[in-house]
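Listed features, source TrEMBL:
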DOMAIN    26-465  domain 'Major facilitator superfamily (MFS) profile'
TRANSMEM  22-39  transmembrane segment
TRANSMEM  64-81  transmembrane segment
TRANSMEM  93-111  transmembrane segment
TRANSMEM  117-137  transmembrane segment
TRANSMEM  149-167  transmembrane segment
TRANSMEM  179-200  transmembrane segment
TRANSMEM  311-333  transmembrane segment
TRANSMEM  345-363  transmembrane segment
TRANSMEM  375-398  transmembrane segment
TRANSMEM  437-461  transmembrane segment
Amino acid sequence: MVHAGGHNSPGSNPNPTRMNKFAFGCAVVASIISIIFGYDTGVMSGARIFIQDDLKINDNQVEVLMGILNLCALVGSLTAGKTSDVIGRRYTIALSSVIFFVGSVVMGYGPNYAVLMVGRCIAGVGVGFALMIAPVYSAEIASASHRGFLTSLPELCISLGILLGYVSNYCFGKLALKLGWRLMLGLAAIPSMILAFGILKMPESPRWLVMQGRLEEAKKIMVLISNTEEEAEERFRDILAAAEIEEDGAVKAVGRGVWRELVINPTPAVRLILIAALGIHFFEHATGIEAVVLYSPKIFEKAGGTSKDKLLLATVGVGLTKAVFIVIATFLLDKVGRRKLLLTSTGGMAFASTSLAIGLTMVHRFGRLVWALRLSIVSAYTFVAFFSIGLGPITWVYSSEIFPLRLRAKGASIGVAVNRIMNATVSMSFLTIMKTITMGGVFFMFAGIAVVAWWFFFFMLPETKGVPLEEIEKLFGGGDARGACDGLEIQAKRVNNKI
């Protein structure tokens, strides 16, 4: 028998609730792809200033440059679901790393605006792959008791990447104009290639192997990512049941009728799952986080900041706040639960958006005010903190765990597509809307959207903490998800967690 990553022999009295080290290691390696994406997002926040000065482009061209990555990510995310079902989760991660590498090299070269756009488009396809596959892989190797922690690692890595991007802005911004921003963008090529080779040493998702009929391989990997043989056997049986293994041992074809069952003619339960997944992805960006992350130097400038160095340093604070609070969230997800964190997060974002809007509006009307500048900076940090402790990580945890196994890859890809559309919409329209209704008006709008989001989450998203993946569909089951309701709130049915 193979022993690895916390697996114990039958006589060693293991703790079945302890996190499996091998599963943790797999999730960490898979999540590195998210660091590269986060770095690209963060670094463009400051690189935009230098690119605009060097290439002499206008605000509309800047908006397109910032948002085109997400439009191309839409293509990547819709392709990633089918790709991961065909070649597997592991090779899909490797493929996204190679795409990132090519995009980073082209952007680092970037002699003009057109070539820079090509590089952003290539990197965008890699983003679509990465955002879909990293949470799905992590969810499929995690036990129910630690799924929230492991599945939130990609979002944590995105935040770390954003922070590194901000730091890169501050450091390389001191170099010559033509060199600095190109080094900022090209640097992402190095970890991309390292990951492309590193992921090949990681195991495939046992759930994907089951769907391919490779049951013996799946069982061996399940032993590695479980703490006891009994746990591995029980999880394996649950997967077999969810995968609808035929009596003769054959597995039904993965792609047959999936789009029909998911979109065209879904069951009431699947329809509720799809609405929940698309809704949480929609509101993640409709509430304004991309405006703060991408345009924080512009926000602080509008609030009264002047020095370029100080603006970039304040932006580093945004990245640091995001990373710290996502670290906190990863430890709370499996203890406090998804719903409580999500509702607290969204309520706090509505408050912080309102506060930021007030500060920016006062500056707009009365000129540079020290107290308004301070209020704006504190509000921006508070907004990022509330987002990072709930809506940020939970979007990816929740949407990657609620779909049934047969629908998970394609369901997750649709969610990522909506996510990228909203990301692109905000990033490509923020400056234009700001000129129409002022920056303060934009954040009043985001505050209103956050209130709508709170009510959507309250009514439509049941708690999934500690529920095995194969049992989550029951929380939305039979079109009667409101059958045991308190007011109009969906109440999660109690599922006996044996893991």
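Just so it is clear, glycine is given a Cβ too, placed from its N, Cα and C backbone atoms.
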- line: Residues outside the transmembrane segment (345-363) whose C-beta sits under 8 Å from one of its C-beta atoms, at least 6 past its ends, are 283, 287-288, 299, 302-304, 369, 372-373, 375-376, 378-380, 382-383, 385-387, 389-392, 394, 438-444, 446-447, 450-451, 453-454, 457
- prompt: Under 8 Å, at least three CB pairs between the transmembrane segment (311-333) and the transmembrane segment (93-111) (pairs 6 or more apart)?
  reply: no
Message: Using Cβ atoms and a strict cutoff of less than 8 Å, what residues sit near the transmembrane segment (375-398) while being 6 or more residues removed from its termini?
response: 131, 135, 139, 147-148, 151-152, 154-156, 159, 276-277, 280-281, 283-284, 287-289, 292-293, 296, 299-300, 303-304, 314, 317-318, 321-326, 328-330, 332-333, 338, 341-349, 351-353, 355-356, 358-360, 363, 419, 453, 461, 464
Query: Can you name the far-off residues of the same chain, 6+ from the ends of the transmembrane segment (117-137), with a Cβ under 8 Å from a Cβ of it?
result: 26-27, 30-31, 33-34, 36-37, 40, 64-65, 68-81, 83-84, 89-90, 92-93, 95-97, 99-100, 102-110, 151, 154, 185, 188, 205, 396-397, 399-400, 408-409, 412-413, 415-417, 419-420
Residues from the same chain, set at least six apart from the ends of the transmembrane segment (64-81), whose C-beta lies under 8 A from its own: 40, 44, 48, 51, 57, 92, 96, 99, 113, 116-117, 120-129, 131-133, 294, 409-414, 416-417, 419-421, 423-425, 427-428
Message: Applying the under-8 angstroms CB criterion, which one of 93-111, 149-167, 179-200, 437-461 scores highest with the transmembrane segment (22-39)?
response: 149-167
